[in-house]
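J.: This is the structure I have questions about; it appears just below.
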Amino acid sequence: MENKQQSNGVVKETKAVKKKVNWSGSLIVASLTGAFGSSFLYGYNLSVVNAPAVYIKKFYNETWQRRYGFSVDESTLTLLWSITVSIFAIGGLVGAIIVTPIVKFFGRKCTLLLNNVFAVAAALLMSLCLLAGSFEMLILGRIVMGIDAGISLSALPMYLSEISPKEIRGSLGQVTAIFICIGVFTGQVLGLPEIFGQESRWPYLFGAIIVPSLIQVVILPFLPESPRYLLLEKHNTSEAEKAFQRFLGKDDVSHEIEEVLAESRVQRNTKLVSILQLLRTRAVRWQVATVVVTMGCYQLCGLNAIWYYTNNIFSEAGINHETIPYVTLSTGAVETLAAVFSGLVIERLGRRPLLIGGFGLMIVFFSVLTVSLTLQTTVHWLPYLSIFCILAIIASFCIGPGGIPFVLTGEFFQQSQRPAAFMIAGTVNWLSNFAVGLLFPFIQAGLQTYCFLVFAGICLAGAAYLFFVLPETKNKTFHEISQAFAKRNKVTLEMQEMNHYPGERKSSAEQESDFTSSVDNGETKKGIV
């Protein structure tokens, strides 16, 4: 009876703690500043090339004619433009590959800061290309900007997942997706003819990249590094404690310190894991597979195809060609609102319903859009149904598949596994992005409006996999999430703890001795594992 009362007391206390979780000022500023100089720029560079496309192609042709004395042929111009657009993904892949050693050596916050070197360099190259008369500068700038995006889309979710309490980890993680959408919308707005969407002003669209970077460089240095990184990788307990205090907005952070150290004792050591080691670790096989599936579906689910069809569908609905850029803003607005909605409800509904539900809704609207596009010449109101389907698909994507994959990658893995996991996620993300850009024109040419059924099939496969495999992760510690996968990975909890690092283990007595000495000395040493 006494034990039961104690248990009830613990439950009540836990609930009380959850209710008291606040968004401290440092936590809010870190998430907004980090995202503004990182994921915002990724979204911005996805859309910024659309508005000035005609003027950039004209610049390519004029440069070619000035150099060689004749105009560039249509096929070469198309190739140059395709390279300009798609090479962003190649840069992203490079950034995703090099991010692991960078975040290990410099830390999460410093990686975000140093990454601005790529953003500023890219902005200068692209904004000055017209003045220099060199289209190669624009292409090179797109590569460099892609490297920036590849690094930021791994380092930012990693930073956000490590600074946030588990009770709001999902909401804070959605900041990445929200700022991607805001970036896309901003690129659409600045590309309007009244602003920078003119032949003489289009370089300013790329020069504007400097602004978010400078804001991040000014503000982020005054915010703490990831406390988990400081404690587990730098072994600096005093700085980790200060970071926890600022991010959580309270003085007593002993519970959080102990929770992280408990993870450290479970892991046995904090040596950084390579991609090969992570893939060989039996205890995380299904976590890795789930990250690959979610990131693959994130790019392959057909949203890029929607952007391809948008202008044509608006034209078919009778919208004036000059008005289409303004109507297109509705897609960016819907995208942003859906991402914000997801951030507000993710801690109530959970990751699993939003992710599976988002894919499910996309299947429905892709199917309706296929019918609508096929028959729209026979029924006068069907183009309006197509517009509705486009907006609904964008909203369905943003409430779940558009942001939760980044959250899950941060939640699935222990501290020393996380950089390798984000490298895998980033590699899948950017390879899938490049594959869509390369293959979609051929799919569209062969299947016409039926191409959306291919994407519906991908969404169905992704939703089915997640329905059977993905556990709910909201309000769970990293260790609890690992336990949820233990049965599927066919390892006992004891084996799971030992399998994290089969090579370098200490006895329990040695670990306890190390932990005790660290507490006595007031700082964590390398022996804490």
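Note: Cβ is positioned from N, Cα and C throughout, glycine not excepted.
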J.: If you check TrEMBL, which stretch out of 21-42, 43-64 is marked transmembrane segment?
T.: 21-42
J.: Can you see whether the transmembrane segment (172-190) and the transmembrane segment (381-408) are touching - at least 3 CB pairs under 8 angstroms, only pairs 6 or more apart in sequence?
T.: yes
J.: I'd like to know the mean pLDDT over the domain 'Major facilitator superfamily (MFS) profile' (31-474).
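T.: Averaging the confidence scores along the domain 'Major facilitator superfamily (MFS) profile' (31-474) gives 90.
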